[in-house]
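Below is one structure, written out as structure tokens; comments come after it.
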Amino acid sequence: MDSLQDTVPLDHGGCCPALSRLVPRGFGTEMWTLFALSGPLFLFQVLTFMIYIVSTVFCGHLGKVELASVTLAVAFVNVCGVSVGVGLSSACDTLMSQSFGSPNKKHVGVILQRGALVLLLCCLPCWALFLNTQHILLLFRQDPEVSRLTQDYVMIFIPGLPVIFLYNLLAKYLQNQKITWPQVLSGVVGNCVNGVANYALVSVLNLGVRGSAYANIISQFAQTVFLLLYIVLKKLHLETWAGWSSQCLQDWGPFFSLAVPSMLMICVEWWAYEIGSFLMGLLSVVDLSAQAVIYEVATVTYMRHSHHLAYTAHVARIPLGLSIGVCVRVGMALGAADTVQAKRSAVSGVLSIVGISLVLGTLISILKNQLGHIFTNDEDVIALVSQVLPVYSVFHVFEAICCVYGGVLRGTGKQAFGAAVNAITYYIIGLPLGILLTFVVRMRIMGLWLGMLACVFLATAAFVAYTARLDWKLAAEEAKKHSGQQQQQQRAESTATRSGPEKAVLSSVATGSSPGITLTTYSRSECHVDLFRTPEEAHTLSAPTSRLSVKQLVIRRGAALGAASATLMVGLTVRILATRH
């Protein structure tokens, strides 16, 4: 296991020796490299979340019920759809960055294809829940009128789910190659379309919440199509795309071994905040509206892993952009077996976000009385927001640090640890404490955020301790597997073993009591074949890496499609039966 001193040379100079011991050598250069990478990603995330902010602003000025409906609709879509897809696709952060840093760059295209297939399958069970939005919300004692409007929004949003998944996947495909500006351009296009669509559908045609949902769908399609066309027309795929390959149907096991922990790492945290929204809905429309406004404030200041409104409470733009940048830099360095650079990127990213989050947290506290006016005219909501924002400003500092550590974990392929930490801190500590303070102590929305503050503080401590003891050399070895380098080597050895002779050399060798026996030996420049190897040994050496046959692929992938389709049919059946009663 490599210590900080073993892996990253430290700069002991300067006027503050104690501080310099924490700063790796080359910190300044690495910090600017991270900012150059994360800067466009920051803009991209701002533009992406602006779509939801604009929609919320339009609906917020329609009334409390409309604002609450949009908030719940987006929360429901997040919990039951976007969070799952974004979590599973986060495996691509590990696989794509490490593959692009390795000599096997074409493997990035295979990962893109594999990820697209997996995410499309995920849409089917998510849609099953979307069909029953109103009934689920009523089970949680949500307001009937709010639940009805929420169902309208979610039903309209159904075709937008695979579009969001594809857009997220294309963005990861580019950013893990250090290509960032096309995402910004697509975000500009999406926001322009969204602004015009919201004005036309909500303000002019008076379609209300339904108009906002239609505007959201239109803008999602516009920016996704633009990004896809940009990649093709500018030929950004040439270095990593070798065409459609049946290999994307192989190796789903290793993909899910990263995808499931990635999903849990994100979703257990994401769901905790969405549960907070549902809890606020149990209190009053004012508390729920205040929660929505705080989420939006968080969107502008923090922004984390995904593309949706309600996730904004624990997401802040700059930390998210820096987290992605750290993930890319760490993953590419490990793919190239450069552990020194990988750890330098990790340490530099964490130190940078500490300073940035302190500045942002201070600004939030200073502007606590002004921020609420941006999103609503309701004085009760504005007053409640101003009370909670000081707590959120402290929360933001620790959550921002956790966000960047999440990038380190994704870059190293250690999402399983992140999932475990989030599950414990949010569901065993944070949420129970928040519920206790909210409903028993009667602190209402303030109690929820105090519970979340305790949660992120403990999570930060766990991430710091874990990464300080991380074995970076082992992580580099694992990166070889993720990037397909070991499989390539094994296939090359297998092919060399099975190939015919490159040339024959006749020689006389003495074999025991029979001197002068002439044997023909075969040799290749890259390997030497032992003619005396037993059949079992030869089979062991020449056996290719585990690949499924065509029959096995049809059975297994067909079973996956059948299971996903069956889930959708169950959801449709439940909706029909529930509607009749």
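Backbone N, Cα and C atoms are what each Cβ position is placed from, and that goes for glycine too.
Fair warning: this is a prediction, and the values are worked out from it, not measured in the lab.
Summarising the annotation, Swiss-Prot assigns topological domain 'Cytoplasmic' to 1-33 (among others).
Swiss-Prot lists 34-54 (among others) with the feature transmembrane segment, giving sequence analysis as the kind of evidence.
If you look up Swiss-Prot, you'll see 55-66 (among others) marked as topological domain 'Extracellular'. Within its own chain, the topological domain 'Extracellular' (55-66) has Cβ neighbours under 8 Å at 143, 145-146, 149, 194, 198-199, 202-203, 208-209, 212, 215-216, 285-286, 289, 292, 296, 309, 374-378, 381, counting only residues six or more beyond its boundaries.
Marked as transmembrane segment by Swiss-Prot: 67-87 (among others).
Look at Swiss-Prot and you will find 88-119 (among others) tagged as topological domain 'Cytoplasmic'. When pLDDT is averaged over the topological domain 'Cytoplasmic' (88-119), the result is 89.
Sequence annotations record features per position, and here Swiss-Prot assigns transmembrane segment to 120-140 (among others) based on sequence analysis.
The topological domain 'Extracellular' annotation in Swiss-Prot covers 141-153 (among others).
Long-range contacts of the transmembrane segment (154-174) within the same chain, counting only residues at least 6 positions beyond its ends with a Cβ under 8 Å from a Cβ of the stretch, are 44, 73, 76-77, 81-82, 85-86, 89, 92-93, 96, 108, 112, 115-116, 119-120, 122-123, 126-127, 130-131, 133, 180, 182-183, 186, 210, 213-214, 216-217, 220-221, 223-224, 227-228, 231, 236, 240, 306-308. Per Swiss-Prot, the feature transmembrane segment maps to 154-174 (among others).
Look at Swiss-Prot and you will find 175-183 (among others) tagged as topological domain 'Cytoplasmic'.
Look at Swiss-Prot and you will find 184-204 (among others) tagged as transmembrane segment, backed by sequence analysis.
Same-chain residues lying 6+ beyond the ends of the topological domain 'Extracellular' (205-212) with a Cβ under 8 Å from its Cβ atoms: 55, 58-59, 62, 66, 69-70, 73, 149, 152-153, 156, 198. If you look up Swiss-Prot, you'll see 205-212 (among others) marked as topological domain 'Extracellular'.
Marked as transmembrane segment by Swiss-Prot on the basis of sequence analysis: 213-233 (among others).
Taken from Swiss-Prot, the feature topological domain 'Cytoplasmic' covers 234-253 (among others), and the record attributes it to sequence analysis.
The transmembrane segment annotation in Swiss-Prot covers 254-273 (among others) and is backed by sequence analysis.
Among the features that Swiss-Prot reports, topological domain 'Extracellular' is placed at 274-317 (among others).
The feature transmembrane segment is assigned by Swiss-Prot to 318-338 (among others). Distant neighbours of the transmembrane segment (318-338): 30, 33-35, 37-39, 41-42, 44-45, 93-94, 96-102, 175-176, 178, 301-305, 345-346, 349, 352-353, 356-357, 360, 399-400, 403-404, 406-408, 410-412, 472, 475-476, 478-480, 482-483; these residues of the same chain sit at least 6 beyond its ends, with a Cβ under 8 Å from one of its Cβ atoms.
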*Going through 120-140, 184-204, 254-273, 421-441 one by one, which has the most CB pairs that fall under 8 Å from the transmembrane segment (213-233)?*
184-204
_For the topological domain 'Cytoplasmic' (175-183), distant same-chain residues with Cβ under 8 A (at least six beyond the ends)_ = 37, 39-41, 44, 92-93, 96-97, 100, 108, 227, 230-231, 234, 236, 239-240, 324, 328, 331-332
*With the transmembrane segment (421-441) as the reference, which stretch in 67-87, 120-140, 254-273, 381-401, 558-578 has the largest tally of C-beta pairs below 8 Å?*
254-273
*So what's near the transmembrane segment (67-87) in sequence-distant terms, Cβ-Cβ under 8 Å and 6+ beyond its ends?*
52, 55-56, 59-60, 119, 122-123, 126, 129-130, 133, 136-137, 142-143, 146-147, 149-150, 153-154, 157, 161, 164-165, 168, 209, 212-213, 259, 262-267, 270-271, 274, 277-278, 281, 285, 288-289, 291-292, 295, 305-311, 376
